[in-house]
Structure formats: C-alpha cells, structure tokens
C-alpha cells in the first residue's frame, strides 16, 4: 500500500501546485487588469474613508476639501465627504471625486498628492508608522478666485468660456466654461442620487461635463487672422506697406463661389486698415499667396494639429483643417481658412496662448493651472516652472502684431466695446465665426482675444461665446465678447498689478 | 530498547513550533488591529493568554498521552487556526466571539479524542457503528423538523440551542468505517469474484457496504444540494479503495463513475448547471451570481504580491468572506507571499499526515491516516480551487481557517486521530517506550489490588 500512498501524496501535491499557479495568475499575472476593472472599487472604497487634501487657488480660496461626515445627520458608511465650496465655479479645473464614477481633472491627475501617496509624503509620515498619519497633500492653483468669479459673472447665462492667462509664464489665472456642473452632486455618498445626476449630465446636449474652454474646439472666425498675419510677416509675404484692393467680393482660384467681407461690405486698404476693420478678402488672398505648405507649416508652428501640453487631462487639439496636400487642389478652401472659416477649429485656451505669444515677444508658453503641490507640512512636492512650448514668430513680428491689435482697440472692430479702466490700453482681435451656410438663419460664435497693457502685457484673455441663439448670432465678436473681456481684464489687472 | 530521548525531542520541537504559531497569531492580531483602527487591540493581553492557554493545553495533552507523535501536526494546525481566527476577528467582532467559543470547544474535542481513543485498534471494533452513525449523521439534515436549509444547502441540523453540520463529523466516521472494512477484506475484494472482459468484478457481498457509502454521497448531492461534500465523500471512497486494493481498475472505475455521475447530474439538476455556468462565465452575470466569485478575484488582485497588509484591505467586499471565501480575504491582506505560506502549511499538514500513513504498521491505521489526510487535502483543494476558479465553486469550509463550529471541532478530532496513530506507530517501532495508557494503568492497579 505504501507505493499507492506515495502516488497519492504526489497527486495531492500536484493539486496544490495547480492552486499555486492559479493564485499567481490572479495576484500577479492578471493583477493589473483586475485592479483596473471599472467594477473593482476596492481602492476607492478605502480611499473614500480617508482624509483627502485640499485644492486651493493662488489667493488662498479652498475650492475642494474633505469634511468629516457627521454621523448624527448622515448615515453614510464613510467618515469623510469631499466638498466643493464654490459649486460649479471650478468644476472643470478640480474635476470631481466620486465613488462610482471615478475621478477627473486635478482630482485624478494629482490623486497621489491629495491622498498622500507620493514617496515624499510617505517618507514624511513614516515617523508615525503605526498611527497611520494623515499624509494628505495639497494642490495650489495658478487660478485667482477674484478673476475666476469675475469671469463667471461677466459671462452670465451665455454659453461659452473665459480663459485668462499670464502671457509670460503660461499660468492660467482664470478659466471658466458655461455650462458647468456642481461636483458636490456627484461626489455625494448617496449612490442613487449620484446615478440620476450623472445620467442627466451625460445626456445633456450642452455637454456640461466637458470644459468648452479647452476640451472642445470651435471655428475661430477673424481671430484666426492673427495667425495668418504672423505667418505672412514671418515668411515675408506680408509687410506693413502692403495695400489690398478695395473689393466687395473676390473669386479664389478653382471655384465659382466668391468670398465676401463681413456684412457684404466693400473693404480694403493697407495692412493696418484691413486688420483693424477685419476685412476677409485680404487675408484670403494672403493665405493663397503664402500657399498651402508654408501656411500649414506656419499654423503648425502655432501648435495647430498638436495636443496642447496642458496639465489637465483631455485638452483638445486645435486644427487647421487639413494637410498641405489637402489644399493643393483646393486653394479656395485655404483662402477661407485664412480668415478662420471652414475647417479651422481652435480651443479658447489655445486662442489665449496665440494672443499670449504675441504679448510675449513671439514665445508661446506651456499653459498650466497647477502652481505647486505640497505635503501636509507645506514642503513643495512639485513646482511648475514656466517653459516655452512654441516660438511661432520673431519678436519683430510680435511687435508688429501688437501694433495691429492695438489699432483694433483704438479704431477698429473692438473700439465700441472694449474700454479698460484707468486708461489702460489693450490690444485685441475680434472674431465672428459664421456657422450657417448661405441662405440659412444666421448663426455665429463671438470671439475676442486680447492682452493688456499693450506695451507691457501682464494679462491675456480670450472670451468665446457660443452661437446657440439669435442674440449671439445677430451680434459680432466685438460687441458681444468685448464687454465681457473688458470687465474680466479690469479685475485681472487690478489683481495682478 | 527505546528510551525517552526521541519523545523528548519530538515534544520539544512541537513546543517550540506551537509557541511560534501562537506568536504569529498574536502578532497578526496586533497588526490587523493597527491596520484597521490605528491602535493596539484593547484586549491584547487576554487574547494572548487565551491563545497561549489553548495551544498550551493541546500541547500538554499530546505530551502526556501521545508523546511519540509527529511534532508537525499540531503546530501546523494551530498556525492555520490562528491566522484564520485573526481574519475572522478582523472581519467582524460578532463572528470573532462565536469563533473563540468554538476554538475552545475544538481544543476540548482534540483533548477528549486523545483521551478517549487510547489505542487506535479501539476504533476498529466500531466498524459498523461508524457506518451507521456516519450515514445517519449524513441523512440527519433531511429529517423534517431537525434539518434546515441555509445558503442553498440542506446540511444543517438544529437541536435545542445548537446548530451544526453533521456532515463534518460523518466524513470522519465514514473514513473509520472504510479503513476498518477495507483493512479486513482488501484481499477478498478482488481475489474472489468473476472476471468480466478481463476485469475482476468483486463479489456483491463484499461490495455492498461500499455501494451504500457511494449511495450516501449521491444522496448528499441530490437531497442536500451539497456538491462539495458529495465530491469529497466520493473522492475519499475511491482513494481508500484504490490504496487498499492496489488495483488501478478501482481508480479508473471511480473516475468513470464520477464522470458519468457528473454528466448525469449536469443534465438533471439545475443547481449543478448553475454552478458550472457561474464557474465558466462569471463576468456575464456580475450583478447576479457572478458577483461573489468576481469580488474574490478583485480581492486577490488588490493584494498582489505582498498584500495590502492586515486590516488594510477591503476583504469585507466579498460576501461570506469569513466562511467559504476566507482564502480570498487572506490573499488580499497577506498577498501572494502570505497565501503561498498558507498553502504550504496545508501541504506540510498533508505531508505529515501521509508520513503517518506510510510509517503505520497496521493496514487499518495506514488506511485511516490516508483517508483522514485525503479529507483535509481534498477539502482544501475544493474550496481554494473554487475561490481561484480552478474548479466550480462548491461551498465547503477551509479546514481550520473558515468560520464554523462544526468544521473546526471535526477537524480537531481528525487531527487528534492522526496524532494518536502517529504516536501508536512510534510505540510500535520502539522509538518511544510503549508505556501503558491511563485505562491500562487503572486496570493494572485494580488487578494488583485484587491480587493482594
């Protein structure tokens, strides 16, 4: 019998070996899949029950924090509740922290810092090995609460966005998109109500969960003329001495459809004249003269068709609407793109970066909203140092464009509605992007992108108002977006100094 | 002749290892409390005294009445029991209190078994009593008014204030019956009888008791819907018959019978089909029956290589984590390293049991040790394999670790029998002096008094 018993023992040990192999499969080989599975809420369950650090604006306003749950009034199984004291004002910056729908934006990108899980924080808490020290860190924004509030107030009920930036660093001073949403409603511990709210938000055609300031892109209209002009000056196709014919309409090559100016007006003159009045035909002609390959190359130097290196997730790339070879056989299309119509699409954030590059002597900085992350004791974990992303133009071209944009404010499309307080002189370019095909009801986006003070810029701004109704569509970028930009700039200039 | 040195060495080893398991249990208990509450457990001193006195009593009992026994059996069981208890305590205070009581009863059962069963041969005399009692206990849950259904299986009995699973004890009794029956007739089973197509068919009168036992396992599966126990009983029978007769045809026949039975059961019974379906496609029914097995996989994955640490995981997210799924909870908090240590402890226990079987000098002891060890090994494989999705999940307890009084007490009785046989072999081999048992001393004293 001993031989059988030995065989049996071997057989049983083989069974245990099978168990070991399968155990390794689940715990090591397929671990990442299982941990990443959306249905696996192990990690979030545990994290939900710990203190999470705050997100704070540049001027010290707390925009996300955790509060202990009062067991007397709340039957939640968790000890802490994430709260967003400013409601929907910072939703697209902070994102949200939910049990069933994950994390977004800063709550996602800087989760480790907020939870105290970076090596530096773990080390700082290591002295307190057995009491599970609170190592949660904080995230400090470049956003200033006064400017952010001003942006929301100035935009009012209109759909669109306001982006304010320090042109010399790329630091975002304010960024507000409407529609927004209240992250408190999805951070709740009440699973049913969160489900309902989330379902509504996801079904909302206005896409409140997406920040239209940087996660959506829109036809830029005449604000695009900054790019066309810069490319023209950089490549020598345009000079200040250039004079364009006074025309009502112009037929580009290989097409039967003429290009017209805004409002079918006759428009022309020297460079300063056509820029301040925002004639369309001269820029269409300029784009065709410059030609597809140089024009596309120039747009790419501004960062078109490339992901913007923003420190928030999901930033959309602006697009020039085609490759050089796409325009070779359809110069008419290139002509239209030259004044920001057709397939050109830009995010309001990127438009602010374009204006900022003019204000910053031709250097386009990487945009960022997080100034610094810190440990519980305040020691910096990471600090964002400003860096150049693109250099789309020379300082000389930047100076020229500044002069052109000053003229838009002094005596052009923005003059009506873009007056800054305390006699500060700004520089701007307006845009009215026509969305409807000819013959259909008017629909247009209103844009303005600007910076101030024009001669020593400290703040750049873009206001974008979406063309969703007649009020917006009947007006122009200057009339509609100009006053919003002026209000916000006044606040920003008083804050920044 | 044998002196006391071997016995002293074995008991010394056992004492050292038992204290080590106690220390591991106490440290794990402290770590779990630190992990969960960030504080030292409030009742650490009473807890340590409790653990120490339990393993101490067990060890002293072995030292007095089974001094030649294998020194690995008790400490390995104590290690598994201790870790299991810590996990149960970490999951719920209520279960922890009950399990502490059951631990006390388990150790009492262990000591009582050692005291009552002084010589292994004693058990042999109760061959048919064991069969009757075993089958009776197996069928008890089906008696109206006494048995009841919980968790889908009708394996529970309620008598007065106590609920228990008689099947846990039935498996030991049936192993005793089989060992005795087969030791007696292992030759007859295949030497007499006709040859059919070149295969030896045993005579019916020799085969009948085995068929009764096999029938019982079918009844367990069909009547009580307890697939795991049914598989366990069946494996036990086949393995014991195979080891006893040394005829591979019994093994082949057993496998064929099992395959046939499994196929028929799959066709006939919806609860069997359900089990197989959950096993194969848990992800399709995540919100239903697949939830528990998938949560168990999430638990294991959350643990990874080194585990979350005791008290720091979320093992409570798996339903029944303290019971059938305790291995997932342990895997989450102790990681691959800890779970492997636990599996290794089971291998060690099985190895020590099989060594007892190999060294045993009499057929009955050989077969009983083989049978009891097989029970532990196969039961562990069925439940851990179920949690790891190696085999369909069928609810049996993880020996010594899962929450459950019947299981814990039965496993300690089983352990005591293994230790008794191991000791008996050591005496038979003259490794230790064959000193008389308590009953024998009393009998001698009486005789001497009568003679005076």
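Each Cβ is built from the backbone N, Cα and C atoms, and glycine gets one as well.
When the ranges B:227-243, B:278-294, B:295-311 are checked against TrEMBL, the one recorded as transmembrane segment is B:227-243. Looking at the stretches B:250-269, B:430-449, the one that TrEMBL records under the feature transmembrane segment is B:250-269. With a cut-off of 8 Å on Cβ pairs spaced 6 or more residues apart, the transmembrane segment (B:12-32) and the transmembrane segment (B:72-91) reach 3 or more such pairs and are scored as touching. For the transmembrane segment (B:250-269), same-chain residues at least 6 beyond its ends with a Cβ under 8 Å from one of its own Cβ atoms are 214, 218, 221-222, 234, 237-238, 241-242, 276. Counting Cβ pairs closer than 8 Å to the transmembrane segment (B:72-91), the top stretch among B:162-183, B:334-355, B:400-419 is B:400-419.
Spatially, the transmembrane segment (B:367-388) is not adjacent to the transmembrane segment (B:97-117); fewer than three Cβ-Cβ distances between them are under 8 Å for residues at least 6 apart in sequence. Against the transmembrane segment (B:400-419), stretch B:162-183 has more CB pairs under 8 A than any other of B:44-65, B:162-183, B:334-355.
In terms of C-beta pairs under 8 Å, the stretch of B:44-65, B:129-150, B:334-355 lying closest in packing to the transmembrane segment (B:162-183) is B:129-150.
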